[in-house]
Each structure stands twice: as C-alpha cells, then as structure tokens.
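*Asks:* Just lifted these from TrEMBL, have a look:
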| type | residues | note |
| --- | --- | --- |
| ACT_SITE | Y137 | active site, proton donor/acceptor |
| BINDING | 11-17, 106-109, K141, 164-167, H180 | NADP(+) binding site |
| BINDING | K188, W203, R210, D287 | substrate binding site |
| DOMAIN | 7-228 | domain 'NAD-dependent epimerase/dehydratase' |
| SITE | S108 | site 'Important for catalytic activity' |
| SITE | C110 | site 'Important for catalytic activity' |
Amino acid sequence: MDKNAKIYVAGHRGLVGSALIRSLTQKGYNNLITRSHAELDLTNHTAVKEFFATEKPEYVLLAAAKVGGIYANNTYPAEFIHENLAIQTNVIHQSYVNGVKRLLFLGSSCIYPRDCPQPIKEEYLLTGPLEATNRPYALAKIAGIEMCWSYNRQYGTQFLAAMPTNLYGPGDNYHPENSHVIPALIRKFHEAKIDNRSEVVVWGTGSPMREFLYNQDMADACVFLMQLEDDLFSKCLGSNDSHAESFQPPLVNIGSGSDITIRELAEKIGEVVGYQGNISFDSTKPDGTLRKLMDSSKIFNLGHVNQFSLESGLTNTYNDFKSIHTQKL
Ligand code: GFB
C-alpha cells in the first residue's frame, strides 16, 4: 500500500477501528477516510453505494460490526444477524463495484465449530455445529467470509477475512451486561473496590478458557496483512478452486497463542485493579464455548509479532477505564 493510498476504515470509532487508525497513522498512511455512524449508516444500501461512488477508496478495512459479549449475543440475536449481514453485504459488494484493490473483512473466532480440535486451524471452518449463544453473529460472519471467497473466485478480487480471538483494550465497551468479559470484569472489580464490597460475582463456572489479544496488536496484524507483497497476500487468499480437495478459505487467524481460564482471568483483573475481596461464580449464567484457542501460525510464520502481554494490556485497559469512565460511574 502506497503511503498516499486512499484507505477507508469502516468502524473507526470501535475497539479495532480506533486502533487501526492509530496503527495506520503511525506507519505514515496519510489519506484515511472515515465516517461516523451518524454520517453513514452502513446498513443503508443506497447510502453506502453513494459513499463508495463518491470517495472511491483503494483499500478497505471492514471493522464495522454489531458486537457484544455472551449476554448481548444471546439477548439480541435478530439485531446481530441482521445488522452484520447488512453492513458486510453493502461494504463488500460496493468494494467490488468500485474496484477496491484489497479488502480486509474482520470477524471473530466464534465462526469455528463449538467442539473444534485445539488449536483451531483456518480449515476447521464449517466442520461442525456452532456454539448456540452466538450462532446468529457467527453465521453472519461466515456468510461474509463466503462472500469474500465467492467474489475472489468470480470477479478476481483480493478480499481477505481476518478472524481475531477475543479482543480487549482501550476504547472498549464497559457496559455491565452487554460487554465482553474483560471490560465487564474491570468495571465490576473497580466498583467493588470503590464501594468496599467483599465479593465480586463472575458469570459461569470459571472453567471456560479464552485466548485474549490486545486491540493494538490486532490492528498492527491487520496492517501487516494489508502491506504484504502480492505473492504472500495471494497465498493468504487460499484456493479459488471450488473443487479443490483441500478446503482453503481466504482466512487468517489472529491470536496471541495462549489461553487462560475465566477464573485465572478474574484473579489477574482483581490484581490489576487492586481489589482485596473474594471472587465467586454464578453457574446459572452461561459459560459459552468451553475452549477456542486459535492456531495463528499462518500469520506468525509470515513474520507478524505481537507486542503486548496480557498483564501490560490489562493495565493499559484499566487506566483507560479510569480516565474515561470513573467520572461517569
Ligand atoms: O467475553 P464473553 O462475553 O465472550 O464471555 P464469549 C467469555 C466468558 O466469560 C464466558 C464469562 O464464559 C462468560 O460466561 N464471564 C464471566 C463473563 N463474567 C462475565 C461478565 O461479567 N461479562 C461477560 N461478558 N462474560 C463472545 C461472543 O463469546 O465472544 C461473540 O458472544 C464474539 O460473538 C466474542 O465472538 C469474541 O467468548 O463467550
């Protein structure tokens, strides 16, 4: 990508999108296009069509999505499938119509079957039933991957899907119910510390395992992929042969390479926040998938290296939480 290339970051105010802007700016890209939700509703076909026809971006990073944790996915399934299908259909199709050179479509590790062998390789896609709590979201994202694949096959586009593991970091959503586990627990532990409460209740049994990646590492990995030389980028696009014996979707996993239990995570967050009380578990709340550690060797073998440990990432995120949210609580 040329430093002056016109790059559209969809979802630039989100957890990944905001980190993408930082990463691209830091690497010298100076022609970034953004639109807030109020300026451009990506579920509106006509608005997206007009935006692409006017702006003609050369590269697209599709980080706009309806996202949330286990409770939000389970409670608003219609919104998760409808909004995600609409956003990605409009952006991917208009990217094709307007000759976008490369597009990166972001999803999530929940696209993989619930009971996958671990660590999860890209080719395990569509090999088994999905986890029920986030199936509508996962199916929308799988449709997006298939759309990238189909357009590459029929139109010769260069559309790649990147599937991050569970993400966290500054700029996250700290809502008590709709958020993911890290921002939710940061808030719970912080409030318990401030109120001198002796117990924090963590959802589920504490035994599920999760792999976590800091949002800046995710953004740097995305920019790394977009900057690959043509031959390496083409390899990431997998196989365009629909009759190929090996199943190779245009898919790259982006993870940290290790996972921990929710119990261990809660203890770590308690330490970062400086909470002295007890931790208990509410097993009436869903656990979700028991384990979803991804095999990220594809991107690691290309030379990408993550920079942030879980400890340093959690500390940065807690500082972000305090700076932005303490006043409002
Ligand atoms: O982060 P989370 O909602 O995402 O939950 P998933 C991870 C684990 O943390 C689950 C437990 O086992 C939860 O039961 N947990 C414990 C909590 N306490 C809390 C809490 O206070 N809040 C939350 N949210 N969880 C999401 C999917 O699944 O992962 C999305 O729903 C997406 O579609 C995302 O794929 C990456 O890993 O279970």
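Each Cβ is built from the backbone N, Cα and C atoms, and glycine gets one as well.
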*Asks:* For R210 (substrate binding site), which residues in the same chain are close in space, meaning a Cβ under 8 Å from its Cβ, but six or more apart along the sequence?
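*Replies:* R210 (substrate binding site) has long-range Cβ partners T165, N166, V181, D259, I260, I262, L265, K292.
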*Asks:* Do any of the recorded positions G11, G14, G17, C110, P164 touch ligand 1, in the sense that the CB is under 6 Å from one of its atoms?
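*Replies:* The recorded positions passing the 6 Å Cβ test are C110.
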*Asks:* Where does the mean pLDDT land for the domain 'NAD-dependent epimerase/dehydratase' (7-228)?
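*Replies:* Taking every residue of the domain 'NAD-dependent epimerase/dehydratase' (7-228) together, the mean pLDDT is 97.
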*Asks:* Restricting the comparison to the recorded positions C110, Y137, W203, which residue's C-alpha is spatially nearest the C-alpha of G11 (NADP(+) binding site)?
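*Replies:* Sorting the recorded positions by distance from G11 (NADP(+) binding site), the top entry is Y137.
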*Asks:* Under a three-state reduction of DSSP output, how is G11 (NADP(+) binding site) classified: helix, strand, or coil?
*Replies:* coil
*Asks:* Out of G11, G14, P164, give me whichever of these binding-site residues has the highest number of other Cβ atoms within 10 Å.
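*Replies:* Neighbour-count leader: P164.
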*Asks:* With an 8 Å cut-off on Cβ-Cβ distance and a minimum sequence separation of at least 6, pull the same-chain contacts of K188 (substrate binding site), or say none.
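*Replies:* Same-chain residues close to K188 (substrate binding site) (Cβ under 8 Å, separated by 6 or more) are P176, V200, V201, V202.
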